[in-house]
Every structure is written in structure tokens, then in C-alpha cells.
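Per TrEMBL, the features are as follows:
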- 9-66: domain 'HTH lysR-type' (DOMAIN)
Amino acid sequence: MIPYSFYSINLMQIEIFLKCAEYNNFSRAAEDLQITTGMVSKKIASLESTTGLILFVREKNRVSLTPAGKELYKDLTRAMIMIDDSFEHASRIQRVIDDPIKFGICDATNVERYFIPLISAFETNDNAVSFRVVTSPSFAMIDDLILDHIDIFFAPKFLEEALSRQENLDYFMAVPSPLYAGISETNALSRKEKLNMQDVKNLGFILPSEKRNSYYRKWIMDLCARNGYVPKTDNFSETGSGAYLNINDTNVFITDKYYHSFHTKAVVFKEIEDTESGLLMIWKKNPRPMVARLIEHAKSFYKDLK
């Protein structure tokens, strides 16, 4: 074993050696490293002196590696690649840790009832994590989830059928709720404590056009069919967040406790008995560690949320 201390060698010496070995030329190595040729010669001489190795054969206008120098060049090249890979791996881990958890939320949902309480509770236990929220009137955020543009998506139950066809997504019912009927305060049904699906049979159902939000439309159609009728429809072309603008004495908008973020005295919401709805929490399988921790926290948190 060569009697020298590893700490007597630094990375700068190794980098200079590798450049000189690559070019077989001290001057070109110096130019590439933006140092003087004299500095290159001095560092190589110091490396040879410290290790007791003759690394280069010096000739008048060029240098060449000795057999020992060639082997050292091969070994150190592999070692430097490993060092670069190690720092890149650490950098990827750091980016994953620092990257905020990205949520997708339908803008027709009431975040004060389900999202803000979850985040507040999670931050109490882990204030190092940051969050970013993307809201959209579209349920195409399922595609954003698949493409890793978001980490978690809160979606109404009527999207469950679409999720069943996505093998790489997982979800659970975060906040269950019965259905609610959004009706005008002047509608006679507003005086009832609770409604059933037969109560709203003769009202016009506010539904999106067939080209928009087909999952919600199909869900309502199936719900009415199970109760023995085909709904009369009042189409509107926009999203659920604007549905209340279309409500009058003769129609109804079917929603739930969480799938409405609007508040107006002109509209009242009545629970519909014997119905099920709610918001699903959806994520891509095999999430990164921070997202996985939040999901587990959410499963526990929502069990106790009233």
C-alpha cells in the first residue's frame, strides 16, 4: 500500500489529471479548465509526489500516460461518474421533498367544508410541506393527475364510473354526503325539512349540455331511472358553480353538501333522503413519500370530520 493520506489529494487535482489524460496535453487542459499551464504542471507534480506514482511521460511538445496512469484514468473516470450520479440522485430527492403537493379542485366545491380543515390539520403535524391548488371548472383534471401535473384530485362521486376504468389511479370516499336539491326559496318544497326523489319529479332538472360534464348528466339520468321516471331537463352550458343563476320556481339543481360553493338567500338546499354522494380523494398509484403521508393522514382525518 502506498503510504499517503487520501486527504492530501483534492478533487481539483483529480479533475486536472483527468483533463490532462483526456487531451494528452497540459496546455489544452489548462485552457479548458481556465487556469495556467504552470498551475497544471504544479498540480500534476504534487499528485505524483503524494502518491508516488509516475502518471505521465513528458516529451518536448506533448505528454502521454504511463501504464499506471492509464489504469488510474479508467478507475477515476468511473469514480467521478459515480460521484456525479450520487449528487444527481440527491438532487432528485431534494426536488421531490421540496416540490409542493399539488391539488386539483373543482371550483364548484366548497373548500371550507373539506379541504381547508384537512390542510390545517396536516400543517400542524408537518409544517415543512408546501401546497399548491389548481381549480378548474372541468373534470379533465383526471388527465392532469395521470400526467403528474397534480398529485391529488378531489372530485364528486359521479366521476367514480370514469375512475373504475383507470388502472393506475386509486381513491377513497373522503367526505360522504346525501344528495341535496337546490331549489328556489319561493318553491313550495322549500318548506319541507327533507325531500325525496319523487318530490322533485315534476321539476325541470338543471343539467349541462350533453357535450359538457356527461358523467354528471348520466348520473342524474340513472338516479331518476331508478326512481321510475325520466327527468325533465333545463339545459345550461356552463358549470355547476353557476347553476344557481338558473334556479326558479319550476326547476331544481341536484348537488350535495360539498359540491356547491355558492351562497344566496334566493336558493335553499334540501337533503334528499335515501341517496348517496360525496367527494372522492383521488391520486396516482405509488405516490411520492410526502403525498403518501398526506393520503394516510387524510384517511384518518376524514373519519372524524363531521
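Just so it is clear, glycine is given a Cβ too, placed from its N, Cα and C backbone atoms.
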Q.
Please count the residues of the domain 'HTH lysR-type' (9-66) that DSSP assigns to helix (H, G, I), strand (E, B) and coil.
A. 36 helix, 6 strand, 16 coil
**Q.** Local confidence of the prediction over the domain 'HTH lysR-type' (9-66), expressed as mean pLDDT
**A.** 91
